[in-house]
Amino acid sequence: MNVQFKCFLFGQFVSGFTSMLVQYALIWYLTTEYGSATILSIATMLGILPMVVLGLFIGGIIDRFSRKNILMISDSCVALFAIVLFFSGEMVEKMPLVLIFIALGMRAGGQAFQQPTIQAIIPTMVEEKDFTKANGQFSAIGAINMVISPVAAAFLLTIFDIHQIVLLDIFGAMIGCGILLLLKLPQVVRKEEKPHPIADMKYGVNELWKIPAMRYSMMIALLCNFLFMPAVSFYPLMTTSYFHGTLAQVGIVEMLSGVGMVIGGVVIGSGIGMKNRIKMLAITFLFMGIVYSMTTFLPKNRDGLLIFMLISLIAGISFPVINASFFAILQETYKKEILGRIMAITFSLFNMATPLGLVLITPFAEKIGIHYTFLIATIGFFASAILCYKIKDVWTYEEVLMKKKKMEREQEESVLID
């Protein structure tokens, strides 16, 4: 990995950490000040909907404009609104609820731009052989933020007012944008035409659909996301209602899951793993299915809770393996100049699958027992592993991709010789 990429990684780590810290601080503030399930539900939806909706239409912008500028503008907009929140908090005793909702929506909008933009930038900064490692490293820093941010936000709220904490957004944006200004990110060849949101969305969907391996891989990934994310969301409820654990034990379960993701990201980021990512995905799906299947049959006592904590750690390790492998395959498959559209639609679909799974599976879980959501997740993982193996276009895609890349290199070399 080159120095440019390491600097980029560090800048995104600082920016992501301060952003996530402020996000959790806002959620904790709403929880303590209002204690309303309706308000928290609205806040959750505002944190998801902009990513789902915007993600469908912004791919063309990412592909046609400076990706460095997109990251800087999205960070700066969030930082500018942090100033509005600060002065609002200085003038009134209680932060206006509408401003907090706008802030959450803006942050989600910023994420809608940042996530696919970063994924589109990675292939321009590292060699093709390092795509999986680079994605693993990004997974690791994301997991570190997830582990530290909630605790840091809760601690800071005991010392500072919420309108003072949001100023951290400005600090994070300054570091992130400052490093981006110093970096010379490689530019991709762009067509001189204006973005057309609907046409760009159709183009991105068509590109994903026309390659059979990518079409089926996306379906498998969405199926898996749809069936297993509700179980992950129910970790706290599983701890308290099934195992009769305490809030402190809820925190331990969540922390172990995050620590697992850090370990998994570091392992993949260091280059450890199978060269054939499709097979690595299938094996990880199978392994996760076995691990999650145990949860359904755990005893409702302290021993069961301890095993559940271990399961949350092991599951956490597996998540970066799945994410890094999947995104690396996308990055190798598509040309750099269209990756913005591909990644924007991919993130939009993933962000859509999670709440949809919660809406459809939650009523079912409440009727038969929360622990059965892990059985549903098990079915999702086993089905994904079987589909990877049984669908020939998917199972053999790594070899097909390698042959395609080899032919492209040979053609380039022959052109140079001529």
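Just so it is clear, glycine is given a Cβ too, placed from its N, Cα and C backbone atoms.
In TrEMBL, annotation is done automatically, which means it is predicted and not curated.
Not measured: the values here are computed from a predicted model.
Annotated domain 'Major facilitator superfamily (MFS) profile' per TrEMBL: 4-396, in sequence order. Annotated transmembrane segment per TrEMBL: 7-31, 37-58, 134-159, 165-183, 216-235, 247-268, 280-299, 305-330, 342-364, 370-389, in sequence order.
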Proximity of the transmembrane segment (216-235) to the transmembrane segment (134-159), 3+ C-beta pairs under 8 angstroms: no
Intrachain residues whose Cβ lies under 8 Å of the transmembrane segment (247-268), provided they are six or more past its termini: 132-133, 135-144, 146-147, 150, 232, 235-236, 239-240, 305, 308-310, 312-321, 324-325
Stretch with greatest number of CB pairs under 8 Å, the transmembrane segment (37-58) reference, 134-159, 165-183, 280-299, 305-330, 342-364 candidates: 342-364
Intrachain residues whose Cβ lies under 8 Å of the transmembrane segment (280-299), provided they are six or more past its termini: 224, 228, 231, 238, 243, 273-274, 307-308, 311, 314-315, 318, 321-322, 325-326, 371-372, 374-375, 377-382, 384-385, 388-389, 395
Proximity of the transmembrane segment (305-330) to the transmembrane segment (370-389), 3+ C-beta pairs under 8 angstroms: no
Winner by Cβ pairs under 8 Å against the transmembrane segment (134-159), considering only 165-183, 342-364, 370-389: 165-183
Overall pLDDT for the domain 'Major facilitator superfamily (MFS) profile' (4-396), taken as the rounded mean: 89
Contacting positions for the transmembrane segment (165-183) when only residues 6+ beyond its ends and CB under 8 Å are counted: 4, 7-8, 10-12, 14-19, 21-22, 25-26, 68, 71-72, 75-76, 78-79, 82-83, 85-86, 89, 103, 153, 156-157
